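Asker: My questions all concern the structure below.
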Amino acid sequence: MVEDNIDDNEVEQWGDFPVALLQQKSMEYAIISKRSSRARYSYGIIFLITNLIAWFVRDYGERVLPLLHYSKACGNGGSECSHTMGVLRVSLGCFSFFLVMFLTTCFTSKLYDVRNVWHSGWWILKFLMLIIFTVIPFFVPSDYIQLYGEFARVGAGVFLILQLISVIEFITWWNNYWMPDERKKQSCSLGLFMSTVCYIASICGIFVMYVLYASKTSCILNIFFISWTAILLVVMMAVSLHSKVNRGLLSSGIMASYVVFLCWSAIRSEPATQKCSSQQQNNMHGGWTTVIGFLIAICAIVMATFSTGIDSQTFQFRKDKVQSEDDVPYKYGFFHLVFSLGAMYFAMLFISWNLDGLPRKWSIDVGWASTWVKIVNEWFAATIYLWKLIFPVVRQTKVMDHEETEQQMDNSTSV
C-alpha cells in the first residue's frame with residue numbers, strides 16, 4: 001500500500017512537470033517580448049539624435065567643427081561637409097546603420113532566434129557601429145554624396161507612400177471601432193459627434209486658409225490649392241455616403257481633416273519671397289517661435305517614422321494569422337527598413353528637397369519643391385482613400401457578374 005501511494009504521488013508530480021515547464025517558458029517569452037518592445041524606443045532615440053546631429057552640421061558645422069577642414073572630401077573650409085552636403089552625409093550614415101540592421105534582422109519570426117538577441121541587445125556594439133557609419137561619409141567624395149541625394153529623393157517618396165497607407169489604415173480602423181454596427185448606439189453617436197467635429201474643423205480650415213493665404217486675386221496658385229482641397233472634401237464625403245459604399249461620415253471626416261492639414265502645410269512651405277507666403281510674417285517675428293516650431297517639426301518626423309515602422313501588420317498579405325506567444329511582437333526587418341527610408345526623408349526635409357540650394361538656419365521643409373511634394377502627397381492621399389472605398393464595390397460587382405454569367409451558361413446547357 002505504501003509503495004502504491006508513493007507511485008501515485010510520483011505520477012502526479014511528473015504529470016504537473018510539463019505544465020510548470022510550459023508556464024516557465026511563457027514567462028520567459030513574455031520577458032523577452034517586453035525587452036524587444038522596449039528596444040524600438042531606443043532606436044527612436046537614436047533616430048532623434050541623428051536628426052539633431054544633421055541640423056547641427058547643417059547650421060553650425062562649418063564654423064564649430066574645425067576637424068572638417070582636414071578632410072579632403074570636405075573641400076576648402078569644410079564647405080562640402082556642412083549645409084546641404086553635411087545633411088546628406090549624416091543621412092547616409094543613419095541610412096547605412098538601419099540598412100545593416102534590416103539585413104541582419106529581416107525574416108526574424110521567433111523570440112528564441114539569435115537575431116532577436118541582436119535586435120534587442122548589444123547596444124554598446126551598435127553605438128560604436130553608429131559612430132563609424134556617421135563618420136565615414138565625411139571622407140566620401142562629394143560626387144558620391146550627390147548621387148546618394150538623388151537616391152534619397154526616391155527613398156523619401158517611398159517613405160511618404162508607406163506613411164500615407166499607414167495613416168489611411170488607421171483611419172479605417174478608427175471608423176470600424178467607433179461605428180461597428182447598430183447594436184452599439186453609444187459608440188455610433190460618439191462617432192457621429194467626432195465626424196461632425198472633423199468636418200467643422202475642415203471647413204473652418206478652408207475658410208481660414210482663404211483669408212490668410214488667398215485674400216488677393218493675385219494669389220492664384222494658393223486659390224487653386226485651397227479650392228481643389230475643398231472639392232476633394234466634397235468628393236470624399238459623397239463617395240463615402242454612397243449607398244453601395246456606405247462607410248459613414250467618420251472616416252471621410254478624419255480624412256478631410258488630414259487633407260486640409262496637408263494643404264495648409266504645403267502653403268506654409270512656400271518661400272518667403274512670395275507675396276502670398278506666411279514666411280515673411282514668420283521672419284518678422286522670428287525668435288523663440290521659430291525655434292519651437294523647428295523642434296516640433298523634428299519631433300513630428302521622428303513620430304511619423306516610429307509609428308509607420310511599428311505598423312507592419314498593415315503591409316502584411318495575410319492578416320488572419322494567429323499570433324503565437326513565441327512570435328516577435330513586430331516585424332524587425334520592416335521596422336528598420338522604414339527607419340532607413342526615414343533617414344532619407346529627414347534629409348529631404350532639412351534641405352527642402354533641393355540638392356543645390358543653401359538652407360536657411362532654423363528652417364525645415366521650406367521651398368517650392370517642398371510645397372509641391374506636399375500638394376502631390378495630399379492628392380495621392382485622397383486618391384488612395386477613394387480607391388479603398390471604390391475598389392471593394394467594383395470587385396464585388398465583377399464577382400456578381402461572373403456568377404450571373406456562369407448561372408446563365410448552366411441554364412442554357414441544361415435546356
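Using N, Cα and C of the backbone, Cβ positions are placed for all residues, glycine too.
These came from TrEMBL, pasted as-is:
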- 41-58: transmembrane segment (TRANSMEM)
- 87-108: transmembrane segment (TRANSMEM)
- 120-139: transmembrane segment (TRANSMEM)
- 151-171: transmembrane segment (TRANSMEM)
- 192-214: transmembrane segment (TRANSMEM)
- 220-241: transmembrane segment (TRANSMEM)
- 248-267: transmembrane segment (TRANSMEM)
- 287-311: transmembrane segment (TRANSMEM)
- 332-355: transmembrane segment (TRANSMEM)
- 375-394: transmembrane segment (TRANSMEM)
Asker: Report, as numbers and ranges, every residue of the chain located at least six residues beyond the transmembrane segment (41-58) whose Cβ falls under 8 Å of a Cβ in that stretch; write 'none' if there are none.
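Answerer: Tertiary neighbours of the transmembrane segment (41-58) are 64-65, 81-84, 86-87, 89-91, 93-94, 97-98, 101, 123, 130, 134, 294, 298-299, 301-302, 305-306, 335-336, 339, 342-343, 346-347, 350-351, 359.
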Asker: So which of 87-108, 151-171, 220-241, 248-267, 375-394 has the most C-beta pairs under 8 Å when paired with the transmembrane segment (120-139)?
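Answerer: Stretch with maximum Cβ contacts: 87-108.
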Asker: I'd like to know if the transmembrane segment (151-171) touches the transmembrane segment (375-394) in this structure, counting it as a touch only when three or more C-beta pairs sit under 8 Å and are separated by 6 or more positions.
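Answerer: Contact between the transmembrane segment (375-394) and the transmembrane segment (151-171): present.
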Asker: Check the transmembrane segment (332-355) against each of 87-108, 151-171, 192-214, 220-241, 248-267 and return whichever range has the most CB pairs under 8 Å.
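Answerer: Stretch with maximum Cβ contacts: 87-108.
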Asker: Are the transmembrane segment (220-241) and the transmembrane segment (192-214) close enough that 3 or more Cβ pairs fall under 8 Å, when only pairs 6 or more apart in sequence count?
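Answerer: Between the transmembrane segment (220-241) and the transmembrane segment (192-214), which are separate recorded stretches, there is contact, as judged by 3 or more close Cβ pairs.
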